[in-house]
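Okay, so here's the structure we're looking at.
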Amino acid sequence: MLQTLYDYFWWERLWLPVNLTWADLEDRDGRVYAKASDLYITLPLALLFLIIRYFFELYVATPLAALLNVKEKTRLRAPPNATLEHFYLTSGKQPKQAEVELLSRQSGLSGRQVERWFRRRRNQDRPSLLKKFREASWRFTFYLIAFIAGMAVIVDKPWFYDMKKVWEGYPIQSIIPSQYWYYMIELSFYWSLLFSIASDVKRKDFKEQIIHHVATIILISFSWFANYIRAGTLIMALHDSSDYLLESAKMFNYAGWKNTCNNIFIVFAVVFIITRLVILPFWILHCTLVYPLELYPAFFGYYFFNSMMGVLQLLHIFWAYLILRMAHKFITGKLVEDERSDREETESSEGEEATAGGGAKSRPLANGHPILNNNHRKND
C-alpha cells in the first residue's frame, strides 16, 4: 500500500514534462541535479535557526533594544480572582454584558470592576514591546542577509536579464552550490517560522501568515523537486527585497524613532507595490505561465506551481490593502502603525492609566503607549 502511494507520488508525469524521466536528471559528467532527498537537511537546519534565533535575541537584539531606548509601559495587573480567572481561561476573554452581570454576582464585584479586570488581564497576555522588537530584529537580520545573498546568486546569471533563459534546456538544468545553499537556507528559515508561529506575536492576519508560510514551504519544495530552481531563486530574491524594510520600520517604531520609521515605511510601501503587484504578476508569473508552454505541453507540475503562485499573489493583494490603509493614515496625518497589531486597551476613561515617564495620562494608547501628535515622537 505504502509503496503504491510512493510510486504514485513520484510518478514522472506529475513532476516532469512528457517524454522525460527521473533518469534524465541523474548526476553525470560532473553535472549535479536537484533531488528530493536534498531537502532532508532543512528540518535540522530549521531547528538550528531556532537556536541561533534564541541567542541572537538574547545577546544581540536585547542589548540593541536598550541602546535604542526601547521602553516598556508599566502595566496594571489584574488582581487575583479565581472566579474571573476560570472564566477567562475556559469561556473567553471578552465576556458579553449578560456574562459580566453573572460574573459580578458570583465574584462580588461591580460590573465596572469586572470589565476593568478583564481589560487588565487581556493586557497581561499581550506581548511586550521588547518581544516585538526582538522578533523584528531577527527577521530584519535574516531578510537583509538573504536578500544580499540572493542577489549575489542571481545577478550574474543570464536569466536575471532575459527570463526566457529561465527555461533554456529545462528540465535538464544542473545546479551550482550557491543555488543549493540559497534554497536550503530559505526553506529552513520558513520551516523555523512555521515552528515558532504559535509562540510569536500574534497579529490580526495570523491565519494568513500560516497560509503564507505553508504555501511558501510547498512552493520552494516543489520548485526544487521539479527543477524550477532558476524561477525559484528569482521569486525568493523578489520577496526578500521588501521584507527587511518592513522589519526595520517596525524596529524604529518600537524605539520611538517616528520620522525614521515613517520614511522607511514609505520606501517599503513603494518597493512592496512594485515588486509584489507589478514585477511578480507581470514578469515572474508571465515567465512561469507563458514561456514554458513554448517548450512543452502543460503538465501537473506546471499547474500546481502556478496555482501556488496564485495563492501567494492573493495574499500580496490582501497585504497591499493593509499597507495602503496605513499609507492613507500617514498622508492624512493620522498615526502610522502596523494594521495587523493587536492594540493594548486603555483605562483612561476611568482615570486609571498607568504611564511610563508621566505626562501621558488620559491619552489614547496604541500598542500600550500614548499616541501623540504625528509630528512628535511616540513610543508605540
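For all residues, glycine too, the Cβ spot is worked out from N, Cα and C.
TrEMBL lists 69-129 with the feature DNA-binding region.
What TrEMBL lists as compositional bias 'Acidic residues' is 344-353.
Annotation comment: TrEMBL describes 67-128 as domain 'Homeobox'. When pLDDT values are averaged over the domain 'Homeobox' (67-128), the model yields 85.
Marked as domain 'TLC' by TrEMBL: 131-332.
TrEMBL lists 338-380 with the feature region 'Disordered'.
The transmembrane segment annotation in TrEMBL covers 45-68 (among others).
According to TrEMBL, the feature transmembrane segment maps to 140-160 (among others). Outside the transmembrane segment (140-160) by six or more residues, the chain places 56, 60, 166, 168, 178-179, 182, 185-186, 189, 230, 233-234, 236-237, 240-241, 243-244, 247-248, 250-251 with a CB less than 8 A from a CB of the stretch.
Tertiary neighbourhood of the transmembrane segment (180-198): same-chain residues 38-39, 41-43, 45-50, 53, 142, 146, 149-150, 153, 206, 209-210, 213-214, 216-217, 220-221, 224, 229, 232-233, 236, selected by CB-CB distance under 8 Å and a gap of 6+ residues from either end. Residues or ranges marked as transmembrane segment in TrEMBL: 180-198 (among others).
The transmembrane segment annotation in TrEMBL covers 210-229 (among others).
Annotation comment: TrEMBL describes 264-291 (among others) as transmembrane segment. Under 8 Å from some Cβ of the transmembrane segment (264-291) lie the Cβ atoms of residues 163-164, 166-167, 228, 231, 234-235, 238-239, 241-242, 245-246, 248-249, 252, 305-306, 309, 313, 316-317, 319-320, 323-324, 326-327, 330, 336, all in the same chain and six or more residues away from its ends.
According to TrEMBL, the feature transmembrane segment maps to 303-324 (among others).
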Structural state census, the DNA-binding region (69-129) (DSSP three-state): 36 helix, 0 strand, 25 coil
Cβ contacts under 8 Å made by the transmembrane segment (210-229) with residues that lie 6+ beyond its boundaries: 15-16, 25, 33-34, 36, 38-39, 170-171, 173, 175, 179, 183, 186-187, 190-191, 193-194, 197, 235-236, 288, 301, 304-305, 308-309, 311-312, 315
Positions whose Cβ lies under 8 angstroms from the transmembrane segment (303-324), at least six residues beyond its ends: 205, 208, 211-212, 215-216, 218-219, 222-223, 226, 228, 235, 268-269, 272-273, 276-277, 280-281, 284-285, 288-289, 339-340
